[in-house]
Amino acid sequence: MPVYRSKTTTSGRNMAGARALWRATGMKDEDFQKPIIAVANSFTQFVPGHVHLKDLGQLVAREIEKAGGVAKEFNTIAVDDGIAMGHDGMLYSLPSRDIIADSVEYMVNAHCADALVCISNCDKITPGMLMAAMRLNIPVIFVSGGPMEAGKTRLAEHKLDLVDAIVIGTDKNASDEQVEAYERSACPTCGSCSGMFTANSMNCLTEALGLSLPGNGSLLATHADREQLFLEAGRRIVEITKRYYEQDDASVLPRAIATFEAFENAMALDIAMGGSTNTILHLLAAAQEGGVPFTMTDIDRLSRKVPQLCKVAPNTQKYHMEDVHRAGGVVGILAELNRGGLLHNQVPTVHSKTLQEGLDQWDIISTGSDAVATFYRAGPAGIPTQVAFSQATRWPTLDADRVEGCIRSVEHAYSKEGGLAVLRGNIALDGCVVKTSGVDESIWVFEGPAYVVESQDQAVKDILDGKVKAGDVVVIRYEGPRGGPGMQEMLYPTSYLKSQGLGKACALLTDGRFSGGTSGLSIGHVSPEAAAGGAIGLVETGDIIHIDIPNRSINVKLSNQELAERRDAMAAKGNKAWKPIEARPRKVSASLKAYAMLATSADKGAVRDLSKLD
């Protein structure tokens, strides 16, 4: 029988000092016989997806205490990728994932907590906490802050999101009135950005991994129903904690729930819903933390057989996360995958013995439950607010149309090709990724001359200066985990290509990554990265690059001998090899240099290569 970890600090005469300190936090005699459950909150006033979380940690804590546990809340950092975008602030985004993972580990292990509730929401916070959960392998449950409502303005016929504001800001044909209207309307409420961007993609994937409750990824931050997710998380964590420590039930541990099969389920969901390419990076990292042998090869295999069943902004202007929820949420997509034989349905979850049991209870198509139908009719109020649970609007009906609705059946899929693909070739020997759901099918096969730049900043300048022409393949290199360092997101270059009318006329290739808000022929995560000796560092302006999504290939039209000669020439540069030709006006702090020293390329999840420490 496992011993409560907290007994290390709460039992025995020699722990009198530790107990004295615990008492100073408010613990009573009876509390030393209860499980101590850490509540990792990520409240910050910097991030709209987290601005409403301040009181929610204590909401969960009170419910934990009602259920017989002792709750201890702490905070992690949270970076807003949208605010950090387009300047050197983005260098810190991906490294913050590892800092979050480490900080959760430090707090939980330093204080010998028995279990963990992760209150996350945005881009690197959910992945960082997921990495920590897999690393710690103690009972855990995730509950996110929820998605933002989509924006509306009389100057647009469609609902708005952050990407619309970015694109129109550099559209020379847009009036100042339009730009201001979009800016004021694109992000109307608290919550993670309203499309299937990285934050919402990751919160959806925690459902597929079995580590969060139904609705976690899709129920709006503003809706009153979301309060119940937080309360249930508090009750549920006490239940599964006691099952582990008092009944020796290891099936409730993260590594028993988020198995290889669960990671395959999460990736199948990601492909089916056309999620952010960042999710690939984060799933690979989390799998490594848990010792799960899930790799790019598995992602490639799944991408060839899982169809696209859901299309959400930025891949369409028609649907946002509020529409996904109305159509049955993540469970709705998983249920369609299950009916198509594309799911491992016997894996456990934190809320049901098996995933199949959870689908039977929560799928709007098959359950017949009025309570479930009411839950998924939770909708937007259209009132700007930064307050959680502040409205109780409901759609008059569900979207149960699996032929032409937001979520479709396998038989009526948006496309037989899934929403994500892994490409390989002489320019990306270890692979690169593209969000096919955001690429017009007319350019799935594309060939053009390389336009090589060695920083995102230069790419942005050249695009806005009109130097990039239709037919070009913009190559942005030395922006990988090591080369950036920090693997910046390229939302601005892709958005500016759109604003210049080049969204369907150019491709963009990088060893950096893309925001979940990116669409277009944007190929990222090129591995190995340039700074690690990848062939992308050998490409020259004018080289012809051939991209073939259906055949999963990407190549620069150079012979092996030509590439070898260029590699020899690069090696001859000595300590200047595999670095930008010209020094970049970029301030790289000591902490970023430390990150770069250990960072692996994207195909490994951009995790730290700890073998370098041996």
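Every residue gets a Cβ built from N, Cα and C, even glycine.
The DSSP secondary structure for Ser515 (active site, proton acceptor) is coil. Counted within 10 Å of its Cβ, the other Cβ atoms near Ser515 (active site, proton acceptor) come to 30, all protein chains included. According to Swiss-Prot, the active site, proton acceptor annotation covers Ser515.
Among the features that Swiss-Prot reports, Mg(2+) binding site is placed at Asp81, Asp123, Lys124, Glu489, with the record citing sequence analysis. According to its DSSP assignment, Asp123 (Mg(2+) binding site) is coil. Taking all protein chains in view, 34 other C-beta atoms sit within 10 angstroms of the C-beta of Asp123 (Mg(2+) binding site).
The [2Fe-2S] cluster binding site annotation in Swiss-Prot covers Cys122, Cys193. A coil conformation is recorded for Cys193 ([2Fe-2S] cluster binding site) in the three-state DSSP classification, outside any helix or strand.
Within 10 Å of the C-beta of Lys124 (Mg(2+) binding site) we count 29 further C-beta atoms, all protein chains included. Feature annotation from Swiss-Prot assigns N6-carboxylysine to Lys124.
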If you draw a 10 Å sphere on the Cβ of Glu489 (Mg(2+) binding site), how many other Cβ atoms land inside? 32
10 Å Cβ neighbour count around Cys193 ([2Fe-2S] cluster binding site)? 31
